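Asks: Feature annotation from TrEMBL assigns transmembrane segment to A:12-36, A:45-64, A:70-87, A:99-117, A:137-156, A:220-242, A:254-275.
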Amino acid sequence: MTPFDPFIEFGFLRRALLGCVALSLSAPPLGVFLVLRRMSLAGDALSHGMLPGVALGFVVFGLWLPGLALGGMLAGLLIALGAGALARGTGGREDASLAALYLTALAAGVAIISWRGSAVELTQILFGSVLGVDDPALLLMAGCASLTLAFLAFAWRPLILECFDPAFARAVGVRGSAWHLSLLGLVVLNLVAAVQAVGSLMAVGLMMLPAIASRHWSRSVGGMVAVACGIALSASLLGLGASFHLDVPSGPSILLSAAAIWAISVVAGPVDGLLARHWPRRHLSG
Amino acid sequence: MSLAVRNLTVSHDRRPAVHHLSFTLRRGGLMAVVGPNGAGKSSLLRAIAGLHSPAEGEIVAEGRVALLPQQAGLDRSFPLSCREAVMLGLWAECGGFGRIAEDGRVLRALEAVGLSGFAGRPVGSLSTGQFQRLLFARLLLQDAPVILLDEPFNALDARTAADLLALVRRWNGEGRTILAVLHDLDLVRDEFPETLLLAREAVAVGPTEEALSPANRLRARRMAEGWDPHAEPCARAA
């Protein structure tokens with residue numbers, strides 16, 4: 001029996017894999033843009049911030065996906081918009097407002113789930129379960145991936161320009177805040193879509209770890225996106241397999257696989273990898 | 001008239017960076033903006049480029065305005081090649097979604113600023129001077145009739161500064177209107193026929209020698225250093 005035989009044998013694993021494939025094509029490109037905007041922790045904050053929405057959705061609808069997704073989406077958007085509005089309204093920094101809001105939201109979310117749910121349900125929401133990937137969840141992931149890819153095809157150039165030179169972008173009429181909010185909205189949507197497969201605490205991992213690792217393999221935005229998707233796909237396959245064989249939740253399993261690839265990238269990646277930077281080699285002649 | 005600024009006030013949190021400023025610049029004019037640090041020079045350029053909304057007054061520019069920003073505002077580690085960075089200068093032509101028909105213009109722009117062979121290099125590998133040349137190449141592709149330069153020759157070696165100054169002369173020879181923030185007064189006297197001496201308000205505007213008289217420069221220093229923590233609302237405000 002090969003490690004991948006369970007994917008042939010069990011339908012729920014194939015469904016989970018298909019969902020993760022969809023997420024692997026949509027979340028990492030968003031992660032790359034977050035990294036390039038120096039907002040690597042924003043995804044983390046938003047994933048924590050949407051927890052009370054998911055929790056309230058759970059209280060009202062149980063483990064019914066549309067209810068969880070709607071709650072998570074609303075809470076995530078509220079945190080994203082609220083952090084910006086608070087920063088502008090009080091003259092403070094957006095990252096500080098975001099930190100204050102997401103910590104409050106995280107505590108409220110865990111309190112609500114603990115209050116009304118069982119430990120099993122808490123674990124499932126926080127860390128994901130491959131068994132939770134039913135047809136509606138799969139459709140949500142596929143729809144989210146389609147929307148994200150369409151958005152990226154449309155917004156590719158404005159997003160790059162806005163990251164590289166925001167003043168120039170504004171001078172030539174690119175509405176930076178509109179693209180910024182659209183990007184954050186899609187980040188929230190991807191996090192919500194990932195809750196079933198990898199859990200709300202881990203959803204951001206499939207977005208950020210491949211994106212962060214990708215910079216060690218490419219010096220172009222397109223290259224980084226391609227590599228990040230490849231890493232996420234590999235991590236999904238390895239992680240789901242390990243989750244089945246080792247009987248651990250799918251979220252941590254997929255993320256640990258992505259983290260292993262990130263660690264390899266940091267050490268052996270050709271762009272600023274530790275070996276490439278510190279291995280003594282003769283310098284070039286010109 | 002190519003550029004007219006009338007009673008312009010640009011403020012940050014109600015404090016004026018530029019206060020009731022008026023001047024005009026004819027088509028093909030070449031004007032330096034000079035003043036101490038904090039005099040509002042960059043704020044003025046950013047307002048003309050549309051990056052700051054005026055608190056009061058108006059700015060009228062004939063045709064497109066292109067701004068050369070200070071390098072500090074750019075992410076120089078961004079994973080773009082020189083070719084891609086320069087190509088952003090075609091934004092007005094093809095926008096975010098249009099097809100880019102650059103017809104070799106990017107390579108010619110790189111060549112014009114002395115960066116032949118740099119097309120594929122990542123921008124993160126460029127020196128300060130090379131990066132400034134790259135921004136000039138992008139400006140070249142913008143092909144704007146009004147060009148704003150914010151400290152274009154700062155921290156450059158003599159050769160790079162001379163090359164880029166030649167480019168500014170060429171643009172001006174083509175009839176473009178140029179407004180440049182500068183600190184090197186010798187350069188201003190040698191190359192710029194008109195000067196705006198700014199210290200949040202216009203201290204002097206006109207022929208360079210007159211504008212830069214010792215009395216005006218002393219007045220500019222005193223005005224820029226003034227800061228009243230208990231300032232009343234401006235009596236001239238609309």
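A Cβ is built for glycine as well, from the same backbone N, Cα and C atoms used for every other residue.
Context for these features, please: burial, neighbours, distances.
Replies: Packing against the transmembrane segment (A:45-64) from elsewhere in the chain are residues 70-76, 78-80, 83, 98-99, 101-103, 105-106, 108-110, 112-113, 116-117, 121, 124-125, 132, 184, 187-188, 191-192, 195, 200-201, 203-204: each is 6 or more residues past its ends and has a CB under 8 Å from a CB in it.
Listed as Cβ neighbours of the transmembrane segment (A:99-117) (distance under 8 Å, sequence separation of 6 or more from its ends, same chain) are residues 45-46, 48-56, 58-59, 75, 79, 82-83, 86, 125-126, 200.
Same-chain neighbours of the transmembrane segment (A:137-156): 15, 18-19, 22-23, 25-27, 29-30, 65, 69, 179, 182-183, 186, 189-190, 192-194, 196-197, counting only residues six or more beyond its ends whose CB sits under 8 Å from a CB of the stretch.
Counting residues 6+ beyond its ends, the transmembrane segment (A:220-242) has Cβ neighbours under 8 Å at 3-4, 6-7, 13, 16-17, 20-21, 23-25, 27-29, 31-32, 36, 130, 160, 206, 209-211, 213-214, 248, 250, 253-258, 261-262, 265 in the same chain.
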